[in-house]
Amino acid sequence: MSASARFVLVMLLHTTFAAGVYLIGKPATVTIPIPVLALFRGAVAAVGFLGIARARGLDLAGAFRADRRAFLLAAFLGVAVNQVVFLYGLRYTLGSHAALLYALTPTLVLLIGWVRGVERPSLRKAAGIALAFGGVLALFLDRAGAALPPRWLLGDLLVLAAVLAWAAYTVASRPLSIRHGAATSTALVMLLGFAMMLPLGCLGLAGFRPSGVPAAGWVGAVYLGVVASVVMYLLWVHALSLKEPSRVAIAANGQPVLTALLAWAFLGQPVTPHFLLGAALVVSGVVLSHA
């Protein structure tokens, strides 16, 4: 199989699994307390990456000693903040909206690069950013126009905050990946992030009854831990070995559309004109700013 064919296959798998995060994972956010769910997801991911680190002989301790503060910051942004806030947001919003907001990640990374002076502004990139945020505005107007309960808009805003934390993590982790390798840096970030979530997670365990969680909740929790935090990472790293990051980011933008289609087909969630407009603007903006 050629490299191009492998890339298409890997991105199809990644996009499909990503859609599952928002649909299969949502029942877990509704039936399991978020601190407990975040702790469970973090524990599964930590065990998975610890196994990868040992199998590959990665020097996690040496990497941490060399860049202690940078790793702590990356773990705080990418795990402690991003995962907890995302799970709260997903509890309140539709999976299709969460997927569309996460498609903003490349645009927010570019915007942070401008602020830090590591990216050079251009009219084309500015137009792409404007289009992408126009798509988010269309999404929020859909909420207001449909007169939906405030918790749905709250969910969108929480997911947007999680996306911002993820974009900041992406920027903060890039130098670490260059110096120590993607596998080492990600494994260490996952382990540190899990340690940061331990206090909140342990508090959430008080009064928690596992027997009260339905099967769909546990399936979602396992999916978030195994597929979202381990399998999708491995697919993403493999995709980056086949194509440049900008191409991978653009290819990943099919997930909001697939999520919306699956939610419509299996859950009966409506695909509104505002969502279609928002999706078109966000995807067009990302492609334009990274072309």
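Placement of Cβ uses the backbone N, Cα and C atoms for every residue, glycine included.
Those TrEMBL annotations? Automatic predictions, nothing curated.
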To which of the residue ranges 127-146, 267-286 does TrEMBL assign the term transmembrane segment? 127-146
If we skip the immediate neighbours and take only residues 6+ beyond the ends of the transmembrane segment (96-115), which ones have a Cβ under 8 Å from one of its Cβ atoms? 18-19, 22, 86, 89-90, 121, 125, 128-129, 132-133, 135-136, 139, 155-156, 159-160, 163-164, 166-168, 170-171, 246, 249-250, 252-253, 255-256, 259-260, 263, 269, 271, 275, 278-279, 282-283, 285-286, 289-290
Six or more residues out from either end of the transmembrane segment (127-146), which same-chain residues have a Cβ under 8 Å from its Cβ atoms? 97, 100-101, 104, 107, 110-111, 152-153, 156, 160, 272, 274-275, 277-291
